[in-house]
Amino acid sequence: MVNFGKKLMAEQVEEWKEYYINYKLMKKKVKQYVQQNRTNGKDRQQVLKEFSRILDDEIEKVVLFILEQQGQLASRIQELESQRAAVLETTDISQMSKLRESYREVGRDLLKLLRFVELNATGIRKILKKFDKQFGYKFTDYYVSTRSNHPYSLLQQVFKQVGIGAVVGALSRNLAFLQDREGSYLSIYDHPTAIVKDPVIGQINASVNKLTHSTNFLEFLGQHALIVPEDATIQGTTEDHAGDETYHFMSLLLNLANTFLYMVNTYIIVPTADDYSVSLGAAATVCGVIIGSMAVAQVFSSVYFSAWSNKSYFRPLVFSSIVLFMGNLLYALAYDLNSLTVLLFGRLLCGLGSARAVNRRYISDCVPLKIRLQASAGFVSASALGMACGPALAGILQVKFKIYSLTVNQNTLPGWIMAVSWLLYLIWLWISFKEPARDNTGDCDDASQNNSTSHHGDNSDMENGLNQPLLLDKKERNDEDIEECDDSEEGSNDSRRPANSIGEAYRLLTPSVKAQLLIYFMLKYAMEILLSESSVITNYYFKWSTSTVAIFLAILGLTVLPVNAIVGSYITRLFEDRQILLGSEILVLIGILLSFKVTSYYSVPQYITSALITFVAAEVLEGVNLSLLSRVMSSRLAQGTFNGGLLSTEAGTLARVVADGTITLAGYLGQSLLLNVTLLPSLFICIASIIATVCTFNSLY
């Protein structure tokens, strides 16, 4: 891994070298401050003030040069505009080709400027991280919050580059126009090698997409799953350990099938859980415990499956299938045994079989870079489809008969069907799964291979380099850690090694990360309250049948993919993630407020409207929340057993446990109070999460 300082020197444009940030100087300053702090305890505020001034000067130098170059490019485009008017009056193909080449030359210079911006932005980010690590300060939060939101912000010019958009737009429009115009005179028979699409336009668009940190639908789905993929355009590098030799399509399909079946298993009992509890002599609201017992077990299973996936993928999936088969078998038998204990034990076993951590890990570790985006999207799609199919299946399983002494009805049939499904899955798994080879070649290499959410690649080519995102993602954080492995003066084992316990992971949580985990807890709590008590609430107020509840829940589940498509393809291009985050939280709050029963009459339109607002807003919030979480968390939480994915899973699972427990406890107050009592905690947690977002808003980059 090339040291960034050397990379900066090697890739800078010679005639622009005086305008790049002085990364070497700032590194020396950091070391100097560390030595002074050790010897004479230099005042912290003085250090912050001095280093802020140095960084301000360096950024100002970079920004003024960017503005100067933008002006020159704009002037050149303006000159070409006057030439274009004259050329278009003729049908001289050679003149038009010459003009088009002039525009391309401007485009190549624009690409060079974009690369200049990318290198400087990377240097700024790295030096901020280095300062934080050496001093233990949260200097980055302070510096970004004070500089980025100022009306005369220089930092925004580097990281957002709104001003350069006009140059990009003018150049792309003229190139596309000339290409279309030239195409009207050219014949494919006379010019069989004619380029259909100008490559400069594609390179500029790819670069600008990264500069504005825009994202597409697949990337958004990957972030939703907290499988944060690298840029899909950077392929075939030697650093991509998840190569074709470790990839096995059927194994990937088995992981996606496991995800789908588990989500079906989770939600197939929701429409009938209240009726099942009543048939066993318990209150209808005990459905909260029945549904939540699976989540309770998942709190523990997530940890051991995450650790187990460090050594194998096949064995945990086999164990998961066997445990889920047994759990569903007990769930179905509980009716004839007339035992609520057996039913709850069956659901606990189902929770102990949750292998979602293994499914995520397999995609991020074993799927080649070129299709990892699609695999990540497949993970979310399988989850969403399972969430919709579970209640839908429950709605059509309205039968009642006996096979010998075994009762098959709407309560037990979900257990029988899922038991058979997991048995068939186990056979398929045993026959078709291929355990990928593992290569352990040292600590720094392990850091990339064991990363549960990303691999890395590096390409020194200018155009590929421009495809690297300017804002820090987990791939880049991992690259920085590996770079530090090669720097004996700066690297340390403690700064690189993953967290080895929940306590150690907790100590790595910054206020921004804690805020994101609180938001994740809130949205999972609100969704669980909505889904788990739906059968009780709708039966009490509207007398809905099991089939009606099942259809309602299935429709909610089917909104996941269309909503993610809209957000991932359009909304993320118009707003920053942190703005979408805050807006989604406010919508969840509105949905919760609309759900309260404040009059003597509670209508179906009010319930459906409030449920849709809450559920859809929470779905949007989940994707953006996990995207931001992947950016703000420490690189040490991007690898190992106690990684960011595990922490978010634990936060969400705990939220479900608390929500289901709340439903059961609130049931003792009577079904007439159930709705409002269970919504009150959702309301307070949502308000707290909005406050946390506002307090950490400036650090969410």
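Glycine too: its Cβ is placed from the backbone N, Cα and C atoms.
Listed in TrEMBL:
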DOMAIN    2-145  domain 'SPX'
TRANSMEM  252-270  transmembrane segment
TRANSMEM  282-305  transmembrane segment
TRANSMEM  317-334  transmembrane segment
TRANSMEM  379-401  transmembrane segment
TRANSMEM  413-431  transmembrane segment
REGION    441-465  region 'Disordered'
REGION    478-498  region 'Disordered'
COMPBIAS  479-492  compositional bias 'Acidic residues'
TRANSMEM  517-542  transmembrane segment
TRANSMEM  548-568  transmembrane segment
TRANSMEM  580-602  transmembrane segment
TRANSMEM  608-629  transmembrane segment
TRANSMEM  673-700  transmembrane segment
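Between the transmembrane segment (580-602) and the listed ranges 317-334, 379-401, 413-431, 517-542, 548-568, the one holding the most Cβ pairs under 8 Å is 517-542.
In summary, the transmembrane segment (282-305) does not lie against the transmembrane segment (379-401): fewer than three C-beta pairs, each 6 or more positions apart in sequence, are under 8 Å. Outside the transmembrane segment (548-568) by six or more residues, the chain places 215-221, 224, 267, 270-271, 380-381, 383-385, 387-396, 531, 534-535, 538-539, 580, 608, 611-612, 615-616, 619-620, 623-624 with a CB less than 8 A from a CB of the stretch. Listed by sequence, the residues of this chain that lie at least six past the ends of the transmembrane segment (317-334) yet keep a Cβ under 8 A from its Cβ atoms are 254-255, 258, 261-262, 265, 269, 280, 305, 340, 342-343, 345-355, 358, 406, 412-416, 418-419, 422-423, 425-426, 429-430, 433. In terms of DSSP secondary structure, the domain 'SPX' (2-145) contains 127 helix, 0 strand, 17 coil. Using a cut-off of 8 Å between Cβ atoms, the transmembrane segment (413-431) and the transmembrane segment (252-270) share at least three residue pairs, counting only pairs 6 or more apart in sequence.
Contact check: the transmembrane segment (379-401) against the transmembrane segment (517-542) gives fewer than three Cβ pairs closer than 8 Å, residues 6 or more apart, which falls short of the contact criterion. Restricting the average to the domain 'SPX' (2-145) gives a pLDDT of 81. Beyond the transmembrane segment (673-700), the same-chain residues lying 6 or more positions past its ends with a Cβ under 8 Å from any Cβ of the stretch are 140-141, 144-145, 148-149, 285, 510-512, 514-515, 518-519, 521-522, 525-526, 529, 533, 536-537, 540, 577-578, 581-582, 585-586, 588-589, 592-593, 595-597, 602, 628, 631-632, 658-659, 662-663, 666-667.
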